[in-house]
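Chemist: One structure, pasted below without further comment.
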């Protein structure tokens, strides 16, 4: 049964709502829930809603959803003009398409499943000035409505190409991503009902990024939750426009299923049975973690945690080269981010929850590299890809700063700094820099420390920033060095080490003016500093070379101008006066930048105090 719509109630009116001050039902969301027998106006629309029976759950349909309702329409004098109950069948229609009176569309979006209400619609939201059979013009009408159910309808491509009807909602709010491995069941049929593709009873498993059957299927899958069941309507234009599709080409008969004619509309019943999240641990597609079993709680091991794991490790050909914690063996215990295991296993373990089981695929760069590795059960050849099946048995996280008192924070910062110094001496600048950064994290809140503690934390911060800058210079992270030195200079504007290292970084980034300013300031603070003086000589050589390049550039520019002009132009002669240099200065100037020396050699070394 179809309820006629009044004048002005076309699809654009329903979806646009330009004539409303606010969306009907908007006020209801912030107002107390209606009680049975209570009536309330929806926004400023003039539509009134009276609750007759409560519904269940909290969800409500939206425009575009397909609802199934019973309703009875009457005039204010009680005369009935339409009724699905008299017909014995409820009505199913899509909200917002103008299939019913505009006010009824809007009112149903405020209802819960099983709810029964009485809507009173003003003429503008009923049948308007034209009326309909049984409804005089400009009449106020009432609808008693019961919302039996609805199906959420999603236009996946926003062009009608793939319409998804949610038949059964899934679990949680997680949806698969391109890297994840999904298990699906589906049946694909033509408009006439002929089945042209179907999964086995146990379903079919594949990685989303690899695709399966046709691209529209994976487009739908990434919008679904675990356990969700849907019906898809896929138009031929979508099939044609996607790579490896068959919309305007059709598909030959395969696997015992008939062929798919060209330009066919496909009806797909699809269930996302489950999926295993796959994470790019290192961000460069060199270490992947596929979660086989979810862990407990919300916390992961993170860097610096003491972890206990069990695992089986094998090569791509299936050769097992190591077992830990299985078949009665001892599990492996280690501290993450301390290079106690191969980098890929180290990085992946730091992302795992307690009880989590995962399958790791590790490229050689994060495995044993290009060397032969003799392990417990087999030899790992050079440049081998590795597979680890790992279970996180337990971990104890390193305490966060907020879990410590002030004295513990200062002690922890000092310890991290000492660890950083050892790593720096060993040439492990990347990890040393991270230690200095962690040390600063422990003493980063000024307001939490007492006056007698402020001197300690200031010295720790400055020392760690300076040492971190030294690491950045070694790693050619010149902007990082500039930022760390600038933090020091915000506290101590004439800190010679900070000025010296920032000048080095400026020189490496060709900012010779800023480098010169820092060197002059450092010499004002310490006129006899040997390292700064040597750096100044190197700077002068760089300035001379820069001036020569500039002179050559301008000479070429003027030469080009003279070729295109009839007027004779005198050749520009640029002479750069160079100061006489001693042999010591000449040797010094051969270096682009003076590297900070080892701790025992000079005052610019990493702070060991």
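FYI, residue positions are counted from 1 along the chain as it appears here.
From the backbone N, Cα and C atoms, a Cβ is placed for every residue, glycine too.
Pasting the feature list from TrEMBL:
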COMPBIAS  1-10  compositional bias 'Basic and acidic residues'
REGION    1-42  region 'Disordered'
COMPBIAS  15-29  compositional bias 'Acidic residues'
DOMAIN    64-151  domain 'PPIase FKBP-type'
DOMAIN    179-276  domain 'PPIase FKBP-type'
DOMAIN    304-396  domain 'PPIase FKBP-type'
REPEAT    496-529  repeat 'TPR'
COMPBIAS  576-593  compositional bias 'Basic and acidic residues'
REGION    576-609  region 'Disordered'
COMPBIAS  600-609  compositional bias 'Basic and acidic residues'
Chemist: Could you count the residues of the repeat 'TPR' (496-529) that DSSP puts in helix, in strand and in coil?
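Modeler: Once the DSSP states are binned, the repeat 'TPR' (496-529) shows 27 helix, 0 strand, 7 coil.
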Chemist: Looking only at the domain 'PPIase FKBP-type' (179-276), what is the mean pLDDT?
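Modeler: Overall, the domain 'PPIase FKBP-type' (179-276) comes to a mean pLDDT of 87.
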Chemist: Can you break down the domain 'PPIase FKBP-type' (304-396) into helix, strand and coil residue counts using DSSP?
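Modeler: For the domain 'PPIase FKBP-type' (304-396), the helix, strand and coil counts are 10 helix, 40 strand, 43 coil.
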